[in-house]
Amino acid sequence: MYLVSNAEMRRLDRYTIEEVGIPAIVLMENAAAGVAEWAAELTPAGGRIVVAAGKGNNGGDGLAAARRLSSRGFSVDVWLGIAPDRLTGEAATQWRALQHWPVRIHVDDGSSDWRELWEGADLIVDALLGTGLSRPVDARLGRVIDAINASNRPVLAVDLPSGLDGDTGRIMGTAIRARWTLCLGWAKRGLVMGDGPRCAGTWRVWDIGLAPKGPERVGASRVRMIRKEEVRAWVPERPYDANKGHYGHLLVMAGHARMWGAALMSAVSAYRAGAGLVTIAVRGDAVPPWLGIHPELMTAFWNLPEEAPALVEGKQALVVGPGLVRFDGDVSWLKALLGKVRYAVVDAGALEIWKEAIESSWRPSAQVVVTPHPKEMARLTGLDTAEVQADRIEVARRVARSCGCTVVLKGAYTVVAGEDEGVWVNPTGNPGMATGGTGDVLAGVIGSLLAQGLPPGQAAAAGVYLHGLAGDLAAQAEGLASMVATDVIAQLGPAIRQVVERG
């Protein structure tokens, strides 16, 4: 599933209309069919639906949907935010057609916020503003949007909640708080960025007849949602004659003894995600506490920094960072580690060391996946956290390109950016995962998939999807407030089974 920008969506529309030859009015009717279908599902039979329509194509979609909903037996009101004689193109055509259906029409004159109209609805369809919004919502329309929000009536937004920037998810002054959003043709990037998740509610995509090859033809194919079918294809199969050597050996570098739990969660997660062998490397000679709990884990020891790189030899992948604290010589230590292995995950405490290393123009021979959360990304880039969150896709893509690595920018709708500038956005996961240790679990899952031979982009994308799905299953079992990182580990097996098994 593609995530397109406003400009890309305009190019896709134009390509379908001008080169493929499908008239704009046909696309609008297809859009209206989807809006009417979902609105009918959400409204009691014969219920009252109020369609709030603006002046452009988004308004035209709403007018056409109003006609279809009336034909299905619903009581329909249409609120029009512009004088009818100012409508143009397909929206004007839909307005003329609507006059032949028994709907109640209300044309805004700017004197009211129409509070009573909104409060009397079983469902409000928001067709006020679409992806063409490029400046803050004007005061007149802003009052109406605020009144719709204040009505506390359920809202179905058409394509994008009105007032939300389709590129960044930024609220342009004020915005509709929809319970549902029907994306037309392709999903918009603003739905998964900034305030998009809060404004859009539950969303789905409706096929309006855009040419399937359009994204590649107009250069809109570089940002995609991770799909279950892709992850299924990436997860290594388990042939009947397999042995542990088929699935790689992962080394997890344990951090400070006070935070060994971080490395332990990474290591156990790696096994749950399918690694053949997992070793935890411990500094010092203290007996690690996990031997009696997880005897399947192997342990290696090192004291001096120069001793650690030898432990990486023969391993297919490395996870470094969980529970790690800075120490003298750590930059040289990390450089040496990343010169001994093909794949590595750099997480948590190793990210600051990584930043110092790459600032010297050094680049590792290993293919590296870095996994910062927004605050860590701010430290890596010199931006503040708000700037990172305002444009997550482009920030992740920029770091991946400049550092020659794969970037996993964690958070709601985790972003995975490859050095080839391809981007995946993860649809799984929930707020209950905002708890200590879940990042360590993710590092272990990605490290496991790297050890099993997946290239970094696929390992990162599959890893965040499976990790988020395990989190969703944990939330179902434990609740958002009560779930902890080990609950996510416990659900990795069911999550992988859910993805791999067909049906």
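Including glycine, each Cβ sits where the backbone N, Cα and C put it.
For the K(+) site, TrEMBL lists ASN58, SER162; matching the candidates ASP85, ASP126, ASP138, ASP195 against that entry yields ASP126.
GLY439 is the residue from GLY436, GLY437, GLY439 that TrEMBL records in the AMP site together with LYS410, GLY411, ALA412, TYR413, THR414.
Listed in sequence order, the binding-site residues from GLY60, LYS410, TYR413 having a Cα within 10 Å of the Cα of ASP126 (K(+) binding site) amount to none. Looking at the residues that bind AMP per the record, LYS410, GLY411, ALA412, TYR413, THR414, GLY439, the two CA atoms farthest apart are separated by 14 Å. The 10 Å shell around the Cβ of HIS373 ((6S)-NADPHX binding site) contains 19 further Cβ atoms across the protein chains shown. Ranking the binding-site residues LYS410, GLY411, TYR413, THR414, GLY439 by Cα distance from ASP159 ((6S)-NADPHX binding site) puts TYR413 first. Between the binding-site residues ASN57, THR131, SER134, SER162, THR414, the minimum number of other C-beta atoms within 10 Å of a residue's C-beta occurs at SER134.
On its own chain, ALA412 (AMP binding site) has VAL192, PRO197, GLY429, PRO431 as residues at least 6 apart in sequence with a Cβ closer than 8 Å to its own Cβ. The separation of LYS410 (AMP binding site) from GLY60 ((6S)-NADPHX binding site), Cα to Cα, is 38 Å. Using LYS410 (AMP binding site) as the reference Cα, a 10 A cut-off selects HIS373 from the binding-site residues THR131, SER162, HIS373.
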